[in-house]
Amino acid sequence: MAGEADGKAPLGSRYPPAALNERILSSMSQKHVAAHPWHDLEIGPGAPAVFNCVVEIPRGSKVKYELDKATGLIKVDRVLYSSVVYPHNYGFIPRTLCEDGDPMDVLVLMQEQVVPGCFLRARAIGLMPMIDQGEKDDKIIAVCADDPEYRHFRDIKEIPPHRLQEIRRFFEDYKKNENKEVAVNEFLPAEDAINAIKYSMDLYGAYIIESLRK
């Protein structure tokens, strides 16, 4: 058909001829592996005090999303059995490792909810020691480092008490209807949170080195 063999748009076509960008062609010719948010995302130059974190669960959600370790995608783990919702954005810190085999958990205080799978810069302000069904499951309490309403906070003692009580009550109650017991201890200051993150970074590094030796 006239116009097709010479690469021009047919007469009467509403669309211009497609221009094939060399960068697009080169990207199509290569095999790509999707980046894994736990292992491929940098923790950030300011870590352990200021760090990147990946949000799994947005504030106000009743759905518990979590990282699927095999694929690096965010999957639906379950819908909470009770009527409570996550009080703040919740996720994990990349390139960290805890004794339970998971990355370090973090709860990020900020003005808005954000979508699962995005990452943001956070500042550690405290540590919430927690025991989940007899196992240690501590949470870092942080603020969004790029939120003008929260970025000035440096320690958990600066957060209004009712906010901390809201966080405590959520984690104490969100598994009750599943007949699972969770105990939350007293909040600890920013120094303890930073030390916990540093330890999890070291543990991750040691694990990677050990894996390379095998």
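Numbers run from 1 along the shown chain.
From the backbone N, Cα and C atoms, a Cβ is placed for every residue, glycine too.
A quick note: this is a predicted structure, and the numbers were derived from the prediction, not measured.
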Per Swiss-Prot, Arg78, Tyr90, Tyr174 bind substrate; matching candidate in Lys62, Lys64, Lys69:
Lys64
For the Mg(2+) 1 site that Swiss-Prot assigns to Asp100, Asp105, which of the candidates Asp77, Asp137 is also assigned?
Asp137
For Tyr90 (substrate binding site), list the number of other Cβ atoms lying within 10 Å of its Cβ atom.
23
Please list, in sequence order, every residue of the chain apart from Asp100, Asp105, Asp137 whose Cβ lies within 8 Å of the Cβ centroid of the Mg(2+) 1 site.
Cys98, Asp102, Met104, Met130, Asp132, Glu135, Lys136, Asp138, Lys139
What kind of secondary structure is Asp105 (Mg(2+) 1 binding site) part of, going by DSSP in three states?
strand
